[in-house]
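First up is the structure itself, then whatever we jot down about it.
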Amino acid sequence: MSNYSLFFIIITYLAILFYIAFYAEKNAKSKWVNNPYIYTLSLAVYCSAWTYYGSIGIAATSGINFLPIYLGPVIAAPLWIVILRKIIRISKQHKISSIADFISLRYGNNRFLGALVTVVCFIGIVPYISLQLKAVSETFTIMSNKSSYVSKSMFDDSTFYIAVLLATFAAFFGTQTTDASEKHRGIIASVAFESVLKLVFFLVIGVYVTYYLFDGTTDIYNQISKVENFKSLTTFNGAGDGFNWLFMIMLSFTAIFLLPRQFQVSVLENNREKHLKQAIWLFPLYLLIFNVFVIFIAWAGKLTFLNNVNAEYFTLLLPLNEGHTFLALLVFLGGFSAVISMVVVSTLALSTMVSNNLIIPYGFLDIFSKNQTEENEQYIKNIRRIAIFSIIIIAYFFYVLFSKALSLYSIGLISFVIISQLAPSFFIGLFWNRGSSRAAITGIIVGFIISIYCLVLPFIMHLYSGNNDFVTYGLFNIEALKPNALFGIDFLSPPAHAFFWSMTFNTLLYLVFSLTQKGHYRERNYAEMFVDSSNYSALQDNALVWKGEAYVADIKSVLNKFLGEQRAQRALSIFFTKYKLPQDTQLADARLINFSEKLLTGSIGSSSAKILIASVVKEEQISLVEVLKILEESKENIANNKLLKEKSNELECLTTKLKDANVELISKDKQKDEFLDTVAHELKTPITGIRAATELILDDDDMPQEIKTQFLTNILQDSDRLARLIHSILDFEKLSTGRDELQMKAHNIQDTFKKALASIQHIAAKKDIVISNKNLHKFVLNYDEDRILQVLTNLLSNAVKFCEPKIGKIVIDYKLGNEAIEVMISDNGAGILEKDMAFVFDKFYQTSEQNTIKPEGSGLGLAISKQIIINHHGNIWVKNNQKSGTTFGFKLPFNYIVNA
């Protein structure tokens, strides 16, 4: 493939990315841009050219030793719910714009510390960016069929132009606003798109190599197992390898938090904390899938090319060797995607740090204080754009001078070790309030020097002197100072060795200095705000301890310089409204100082914001004891507020319960009155009939015997009815209050039904009503037979009552469900109106049909039946059939079934 064709493809691909980024910026609130999957895919910026190419190179030479770099992030991911969530909350609360801002703010907005972190990140990341350019250059050379990728000048080097294009992309979408704490939706969307492509294309080449060039994983394994050094590729070689794995896992664990690009996408670009819930399992899954074929591609390459080519590019060389140029092109684009995402996000993060922590606080603050808003905004944007292009150009020259002699894997590890020097001050400072800025500065500097001494200096000495005397004999020929065997420890790999010693001295010095030296009161203030962030976040602007004299007008003039008059006035108006202050307030307090610093932090960094605000206020020094006292009082206020809120919630809950109980009591009282009225009415009817018949018999001595007999029969019937009514009332009362103990025994439901049918059969026969049953089996359950017989008799009696003579049909059906046995009694009678359905089981409820046709009964049959079924832990219901009639049914749960 020619250079021009390949370059055209690259330009086209970048144009697609520009379109995606532009679309995302215009639709920032769309669910396609703002969702947990886009957030998770942006985290995959961790998978750079090192992952795409370098892992295969190390797998080919060292076997499974490529895995620790991915195990660290996998182990870290579940901890994001605790650690990363805390970091995100603090960053949002203080409008943090970079990891340098985060660390410097933790230690009291220390300007030097912010600059130091920026320098360390710059030195650590520039080689990492050069690694990406190296990958682009070498893969471009392979795809264009050139024998060498050495160019005469940078203007003759395609890599230089590609680097400029990447810088243009980062500058265009990364500097549209001066507030670096705002989200970059366009860049994140393009990174997510690239993450999908690089994964898909890597899997495609993995499947191609494993199942097309070879007959699967077993075939590759069987062939590679015959290689002489195969055992060393798949096993640990003693304790040394174990320690190497341990320190590499620890190294990658820190990297997933501390790499500027990871901090950018995981913290600063996080829109919602709940996205972490998906990320903690999706991101490890992404890494796992990405690495499925790494070892098999590496082994396939070794079997195909032996040791005659660069193993890092097996993914390109294997398809090209078979003449599959298009597949190789897909792999190239996947690797190019990995490069673009890493370079763009890294340069964006670094440019913000360089701008806010080096250039502005150490050179431009005086200029900014004299300029107007528009000029300051343009200055800030231009500084960041120049920083982006400068970082890319410096990385390019680093690639030309140094990276060509190093592997992708070794460059990546050097960067990881350098960045890891931020770990003690970052992680310990996040959970321990005694850490001081002096301790952080000392630890970072010493750790950085040791990492340079152990990793970078040996390479530079060898590159320019041509010998390894420095590595062999140590500094000044002192054996204990061998860079790869410091103090006699010689069983670790150079990166693991450098990480171990740098972290040891870094952490020890951090702890010693923190315990022996008192920090500035402002440090302790921010330390408490970071460590106890969940409590102090409730205080918001009240969390800053400040004493002095400040005027709103002076602070407003500073804000106007960077935010503009309208935005500054709107922000101050919101502040005054929030704290219920007059809009014409003259004197500023600690809350406004803190609020103003936060407003400026996103644009110029926390250190510069502190300096600018401090220049217009008169701050009084506060003793550490006084600060601790104020902070303790704040904690007590927080605790008291929490307790008060809890008590208020409890009181509100009790009040609600009391209201509900009162409503229920009123309802019960009303039900009682209605019940008594109904009972009185039902009792009065037969009593009135008895009294009337008795009076007639007493008053008429000459009454014929036949009429007297009829009256006496009526008296007897009304007496029976009265007795049944009283019995039903007492029966219902016993069932409702739980005073009726069920006689639970094993019974056959079929036999119980036969008894119920026997008592009702003669009534049905008189009306010529047919009763049939379906699915009647011998189910043996534990129940109170008398009570269930009472339910069946009630339901069957109702069915008979409402069926028309001669045409009436009653069907009894059984169903054995998953949890209960279901009994249903259906008839073809008149049915029940829908408006009466909800009330048929109420006491003494009369349906609409009963106004015209009044069947005999107490009015409590269905209410008693319902209570009996409830006491058996079942349920009862009624429904109308599709054609005509009604179905009553009930369920008895299986926990009462016994083996027949």
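Cβ atoms here come from the backbone N, Cα and C positions, even for glycine.
A TrEMBL annotation is a machine prediction, not a hand-curated record.
Copied over from TrEMBL, here are the features:
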TRANSMEM  6-24  transmembrane segment
TRANSMEM  36-53  transmembrane segment
TRANSMEM  65-84  transmembrane segment
TRANSMEM  112-131  transmembrane segment
TRANSMEM  158-175  transmembrane segment
TRANSMEM  196-214  transmembrane segment
TRANSMEM  242-259  transmembrane segment
TRANSMEM  280-300  transmembrane segment
TRANSMEM  386-402  transmembrane segment
TRANSMEM  408-432  transmembrane segment
TRANSMEM  439-461  transmembrane segment
TRANSMEM  498-516  transmembrane segment
DOMAIN    678-896  domain 'Histidine kinase'
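Contact between the transmembrane segment (65-84) and the transmembrane segment (242-259) is supported: at least 3 Cβ pairs lie under 8 Å, counting only residues 6 or more apart in sequence. The stretch from 6-24, 112-131, 196-214, 498-516 with the most CB pairs below 8 A to the transmembrane segment (36-53) is 196-214. Long-range neighbours of the transmembrane segment (386-402) within the same chain, counting only residues 6 or more positions beyond its ends whose Cβ lies under 8 Å from a Cβ of the stretch, are 122, 126-127, 129-131, 133-134, 137, 154, 159-160, 163-164, 166-167, 170-171, 174-175, 343, 347-348, 350-351, 354-355, 359, 459, 463. Looking at which of 112-131, 158-175, 196-214, 408-432, 498-516 has the most CB pairs under 8 Å to the transmembrane segment (6-24), the answer is the stretch 158-175. For the transmembrane segment (498-516), same-chain residues at least 6 beyond its ends with a Cβ under 8 Å from one of its own Cβ atoms are 247-248, 250-251, 417, 420-421, 423-425, 428, 432, 434-436, 438-440, 442-444, 446-448, 450-451, 454-455, 486-487, 489, 492. Count of Cβ pairs under 8 Å against the transmembrane segment (280-300): among 112-131, 196-214, 439-461, the largest is for 196-214.
When pLDDT is averaged over the domain 'Histidine kinase' (678-896), the result is 76. Residues 48-50, 54, 99-101, 103-104, 259-260, 342-343, 346-347, 350, 353-354, 356-358, 361-362, 391-392, 394-396, 398-399, 402-403, 408, 411-412, 414-416, 418-419, 421-422, 437, 440-441, 444-445, 448, 605-607 of the same chain sit 6 or more residues outside the transmembrane segment (112-131) yet have a Cβ under 8 Å from a Cβ within it.
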